[in-house]
Amino acid sequence: MGDMTNSDFYSKNQRNESSHGGEFGCSMEELRSLMELRGTEAVVKIKETYGDTESICRRLKTSPVEGLPGTAPDLEKRKQIFGQNFIPPKKPKTFLQLVWEALQDVTLIILEIAAIISLGLSFYHPPGESNEGCATAQGGAEDEGEAEAGWIEGAAILLSVICVVLVTAFNDWSKEKQFRGLQSRIEQEQKFTVVRAGQVVQIPVAEIVVGDIAQIKYGDLLPADGLFIQGNDLKIDESSLTGESDQVRKSVDKDPMLLSGTHVMEGSGRMVVTAVGVNSQTGIIFTLLGAGGEEEEKKDKKGVKKGDGLQLPAADGAAPANAAGSANASLVNGKMQDGSADSSQSKAKQQDGAAAMEMQPLKSAEGGDADDKKKANMHKKEKSVLQGKLTKLAVQIGKAGLVMSAITVIILVLYFTVDTFVVNKKPWLTECTPVYVQYFVKFFIIGVTVLVVAVPEGLPLAVTISLAYSVKKMMKDNNLVRHLDACETMGNATAICSDKTGTLTTNRMTVVQAYVGDVHYKEIPDPSSINAKTLELLVNAIAINSAYTTKILPPEKEGALPRQVGNKTECGLLGFVLDLRQDYEPVRSQMPEEKLYKVYTFNSVRKSMSTVIKMPDESFRMYSKGASEIVLKKCCKILSGAGEPRVFRPRDRDEMVKKVIEPMACDGLRTICVAYRDFPSSPEPDWDNENDILNELTCICVVGIEDPVRPEVPEAIRKCQRAGITVRMVTGDNINTARAIAIKCGIIHPGEDFLCLEGKEFNRRIRNEKGEIEQERIDKIWPKLRVLARSSPTDKHTLVKGIIDSTHTEQRQVVAVTGDGTNDGPALKKADVGFAMGIAGTDVAKEASDIILTDDNFSSIVKAVMWGRNVYDSISKFLQFQLTVNVVAVIVAFTGACITQDSPLKAVQMLWVNLIMDTFASLALATEPPTETLLLRKPYGRNKPLISRTMMKNILGHAVYQLTLIFTLLFVGEKMFQIDSGRNAPLHSPPSEHYTIIFNTFVMMQLFNEINARKIHGERNVFDGIFRNPIFCTIVLGTFAIQIVIVQFGGKPFSCSPLQLDQWMWCIFIGLGELVWGQVIATIPTSRLKFLKEAGRLTQKEEIPEEELNEDVEEIDHAERELRRGQILWFRGLNRIQTQIRVVKAFRSSLYEGLEKPESRTSIHNFMAHPEFRIEDSQPHIPLIDDTDLEEDAALKQNSSPPSSLNKNNSAIDSGINLTTDTSKSATSSSPGSPIHSLETSL
């Protein structure tokens, strides 16, 4: 292995070498084509062309043991010849493209057309213009100045449209910039372990080069293609590339091909990297799918943006912004536009789809499948709670606005026609046609104006701004948000199911008690008190039977604790060896990893890890370790104080459990048993017969490992409980350990009525005689359940699903889950919000999550709750403000137009009002910082309407005040101010003071009402904390300043006539009245106003159709996109699509239905079945025959059958998430590293 440039080798293989001009023994193309082969085909090819994997290492000038030398010139050369492990992201949209997108907005287009017609007509002077018949219709002769007004109005509308477009585009641009920043942050955080110059180092995924020796372990997502060179029991889930859900066992002689984007489900090993970036299998797929991204762009621009329309659902049902779609567009005619929807969302739509993938350094390629990913995002959850409510509300408002504007136009046209041609009996003269048309255009503009004000296009903007602002700030609080909507959902959380290890505890394991040689030591024993033979066995057992990647390194700083690298439980055991003043390194160098004869890696069926070595006398010895209650059952002997094995009977075991294990557990310790067994050299045992091998062990010792509770956790849990959130602990530890820790954390308090169950008991209680899970049974348990111990990932998933699906309480539950192991994927996906651990979490867990806790700390979850509630409140504040403006403006424009034949608020003024109430108000109200007081109230829950009765009271109360004053001004204002009336003015008359006062008063009332809108729970002090929000103050003052300019100098474009000081004072005084009136409204008890209805409530049934529709559209979209791409991956693509469609259908039927014999193990099943060797996970995983196994197949057989009754109201959720249960294979497989995918998609 050692000599990399082996001369014999070269001479022998000269013929193969001659064709390579490069410095390496094989070219990029050869390696690339080699990696496209599978199984035996690949083995044959390697043998024929290269000899074996070692020769490939030599050609690549690398050593399987030492790795690359790691010198800068060498790495650089490799990058040049073989490429970098990076798939270039798609170029961000330019500002102009964003402007173009913003222009796609339907209402804006209508306004532009109307303005252009109006402009055109104002320049067209027909010969009959002086005709008297027309003149009457025009309301008398015009002077020169008035004739100009026609074009001024048209130009002003165009100008304001440009303003709106620029503001929208700027918002999108800054948002996109922010997310790219977030993306690069996520990229940097992803590292992989490689061997360089004999040292094991972690390097960013983008730095991996061809020839690197990468160490792979359970839970990894492979960042590049490579050849397996050595390892134990390695099983890979390749479903992300092949669509096959079975795990593939890898071995040097049968199938050494390891592909990027696939998951390590079990075992560990080393591989030599053979292809990176665009040349890896995933990279090739992305390149094909993206077709360089360019074609996609062109295609998307054609026609009705077919892609966009279809992809909208794909952009994550949960995307707040695309919630109200691009509100105006989507609302006006249901046609989804990119318009004012976030560009980053539309960008994500194109990229995230099977389109030009926005690929981060390979990690996102690791994603395997873009489409799987997209699918996963889309079905991630039922629509984000808030978003579902917003969409519904926005659609309702949009429809109402459309009806109102249509009626306005019809009434105006009828009134004009009847008045002109019937009452005044005017004939229709051809020369008058342009004049009449001008009238109709004016009416049309008024109609569109009503619509513009009615449609709340600020909603998606408010949501986006609020979320983007929160996400940015949450990064400082150690919450890396991957799906934007998760941030808002978190505010509604009613339950948190948390892991113990690493989240509630520090995940720094130390052995504090031990039972060795018949003595129970309450602290680390002195090595001299342990028999030398026993001590040697103990050191060998721990050193050899632990992953060789697990190490204890010297502390980084003077006086700090030693660094623990690798599996924390094993670190604790190695620390124990060091505490016994022994050294594990010499043992490992004597018995290197390559010499290990057989390794039974930890998995959830074995719940232990065992390693077989060959002794000098050719016999075999197996070392074993695992959860004490599991391993002790397999022991028939135990080492005595003299170091001799003596018989260990079941009754001895029971006594040991009582006297040693239970007391340790009650101290909150995890107990691990270390054992061994000797085998004769002949006959050689049948190593595949595990039941015989992993039996008749001899116990060496039992140790108690402490994992202390994080100091800040009890306070954080107290805050959650005060905020009405129930915290449950789900752990693999035994019940006594779990209960002890739960009491320390404050999850349970002695004397309370609560349940602590073990996984087995939990399953017994929730299943009927047939072994099926029943929702009613779960409903009896979950309200009191606080600790679920010895639980398998399936149990965790079952619990989360049970709580989410429960209709047992009035408020449906919103559940957050934390997880770090690969097997937590399903539960993380099922939960409303999944938190993955940034430090201890596996790639798979991170990929399945919505938020990554960068410090693995539970108290960061409390911050997320605070931010989430703040988002919800910000949006409610904005709604309260916006709806008041909407109601008033629409009624004023409608009534005014119908009674006076002209809207008191002109088109350009309305656009200005629209700008302040939408864009500026959303900025002002959506950026309120959160306060601790948010944690003093109960969560809203899933069914709470968006607009509470208090808010409805505020909206109607303020609308009544505003309408009363505006109509008073409209009909008697001219008498009050002794000015000319502005009613019934002729077509191009100059702006009147009368209407200017109405406009100014209207804006002043909105400004002061914006201050009222800061409080939505009926608080009296609306100024509380106003100076903590500089953005709010700036916007209110800025709007006021611009209003002065518009009124005093706006002139004809804004239809404004300058006002005198006393008129200004009246306008401001009426505006200030809003604040006083606000106090009056606050005094009225909401409970008395029974007639008030809430709005924006989401009933469970409404969650369904949208989602199912999404699925269908999504499938069509997939297929279309896939089939249009190059033929090379035709079959693979097809295969993948079929799998996905199958999966969607399969999981649409209830998760726990149909328990037929599985025909294949779905990957999620395996997924759940293999925790890392962390004993907290050494769960008695009930052999997972129950649910997940069968879902795919069982459901396939019954995909026509309706979902089980317990899910009737929830099939949306089910289809969404059960899909995700399986997408743990696809979604998780799909770009782990690219949370940003998901992030953008969900924007």
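Each residue's number is its place along the chain shown, starting with 1.
Just so it is clear, glycine is given a Cβ too, placed from its N, Cα and C backbone atoms.
Taken from Swiss-Prot, the feature compositional bias 'Basic and acidic residues' applies to 296-308.
The region 'Disordered' feature in Swiss-Prot is assigned to 1-24 (among others).
Summarising the annotation, Swiss-Prot assigns region 'Disordered' to 296-382 (among others).
Feature annotation from Swiss-Prot assigns region 'Calmodulin-binding subdomain B' to 1141-1150; the stated evidence is similarity to another entry.
Residues annotated as region 'Disordered' in Swiss-Prot: 1194-1243 (among others).
Summarising the annotation, Swiss-Prot assigns topological domain 'Extracellular' to 116-152 (among others) and lists sequence analysis as the type of evidence.
The annotation topological domain 'Extracellular' is assigned in Swiss-Prot to 411-443 (among others).
Secondary structure of the topological domain 'Extracellular' (896-905) per DSSP, as helix, strand and coil residue counts: 5 helix, 0 strand, 5 coil. If you look up Swiss-Prot, you'll see 896-905 (among others) marked as topological domain 'Extracellular'.
Sequence annotations record features per position, and here Swiss-Prot assigns topological domain 'Extracellular' to 970-987 (among others).
The topological domain 'Extracellular' annotation in Swiss-Prot covers 1051-1060 (among others). Residues of the same chain lying 6 or more positions beyond the ends of the topological domain 'Extracellular' (1051-1060) and with a Cβ under 8 Å from any Cβ of it are 148-149, 152-153, 155-156, 159, 906, 908-909, 912, 990-993, 995-997, 999-1000, 1067.
What Swiss-Prot lists as transmembrane segment is 95-115 (among others), and the listing cites sequence analysis.
The transmembrane segment annotation in Swiss-Prot covers 153-173 (among others).
Taken from Swiss-Prot, the feature transmembrane segment covers 391-410 (among others), and the record attributes it to sequence analysis.
As annotated by Swiss-Prot, transmembrane segment applies to 444-461 (among others).
Long-range neighbours of the transmembrane segment (876-895) within the same chain, counting only residues 6 or more positions beyond its ends whose Cβ lies under 8 Å from a Cβ of the stretch, are 393, 397, 401, 404, 407-408, 446, 449-450, 453-454, 456, 458-459, 462, 466, 903-905, 910, 913, 917-918, 921-922, 925-926, 928, 946-948, 951, 954-956, 958-959, 962-963, 966-967, 970, 1002, 1006, 1009-1010, 1013-1016, 1096. Feature annotation from Swiss-Prot assigns transmembrane segment to 876-895 (among others).
For 906-926 (among others), the entry in Swiss-Prot reads transmembrane segment, with the evidence type sequence analysis. Counting residues 6+ beyond its ends, the transmembrane segment (906-926) has Cβ neighbours under 8 Å at 111, 153, 156-157, 160-161, 163-164, 167-168, 171, 445-446, 448-449, 452-453, 456-458, 461-463, 465-466, 469, 874-875, 877-878, 881-882, 885-886, 889, 893, 995, 999, 1002-1003, 1006-1007, 1010, 1013-1014, 1029, 1031-1032, 1035-1036, 1038-1039, 1046, 1053-1056 in the same chain.
Counting C-beta pairs under 8 angstroms (sequence separation of 6 or more), the transmembrane segment (947-969) reaches the transmembrane segment (1061-1082) with 3 or more such pairs.
Of the candidate ranges 153-173, 1029-1050, 1061-1082, 1061-1082 has the most C-beta pairs within less than 8 angstroms of the transmembrane segment (988-1009). Residues 93, 95, 98-99, 101-103, 105, 108, 111-112, 114-119, 122, 339-340, 342-344, 445, 461, 464-465, 906-908, 911-912, 914-915, 919, 1052-1055 of the same chain lie 6+ residues outside the transmembrane segment (153-173) yet bring a C-beta within less than 8 angstroms of a C-beta in it.
Here the topological domain 'Extracellular' (970-987) has, by DSSP, the following mix of helix, strand and coil residues: 7 helix, 0 strand, 11 coil.
Averaged over the topological domain 'Extracellular' (411-443), the predicted model has a pLDDT of 83.
Within its own chain, the topological domain 'Extracellular' (896-905) is flanked in space by residues 408, 411-412, 415-416, 443, 446, 449-450, 889, 913, 966, 970, 982-985, 995, 998-999, 1002, which lie at least six positions past its ends and keep a Cβ under 8 Å from the stretch.
Sorting each residue of the topological domain 'Extracellular' (411-443) by its DSSP state yields 27 helix, 0 strand, 6 coil.
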